[in-house]
Amino acid sequence: MQSLRSCSTDIPPSLSSSSIPMMTTTTSLTGAALSFDEEESTEARIRRLISEHPVIIFSRSSCCMCHVMKKLLVTIGVHPTVIQLDDHEIASLPPPPPPPATGHGGISSRNPVPAVFIGGSCVGGLESLVALHLSGHLIPKLVEVGALWG
């Protein structure tokens, strides 16, 4: 089962997101950067992809939050790898970090996608990524893993 798919939603910098809809291109994982062995398990393939890409987002194809995550990262100069997972593959994702002790439970514990990994570590979902950015820790973390030049 090779249903992991790479997805790119890059918009040329000269185009405004308000004037043109986001375009999605889906390619198979047979290219050099996203290649995999047919004997490789889904879990092993996901772990390998996480280790090979400084910034990677795992998502469902219908997840609008993934587009928001990617837009935030692209706005600050990072072009993450985006992988669309089927429902049966989502269970193979490493567990997200525990939610903060706020008393309302964590969205990430109920819905593991989209999930962003930076430098091999799971940051979590959209809320966690935005919180990391607002706290001023996102850009230094991206510089640290080589995804952004400081």
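Glycine is no exception: its Cβ is also placed from the backbone N, Cα and C atoms.
As annotated in TrEMBL, region 'Disordered' covers the listed stretch 1-22 rather than the other ranges in 1-22, 45-66, 67-88.
The average pLDDT the prediction assigns to the domain 'Glutaredoxin' (55-90) is 92.
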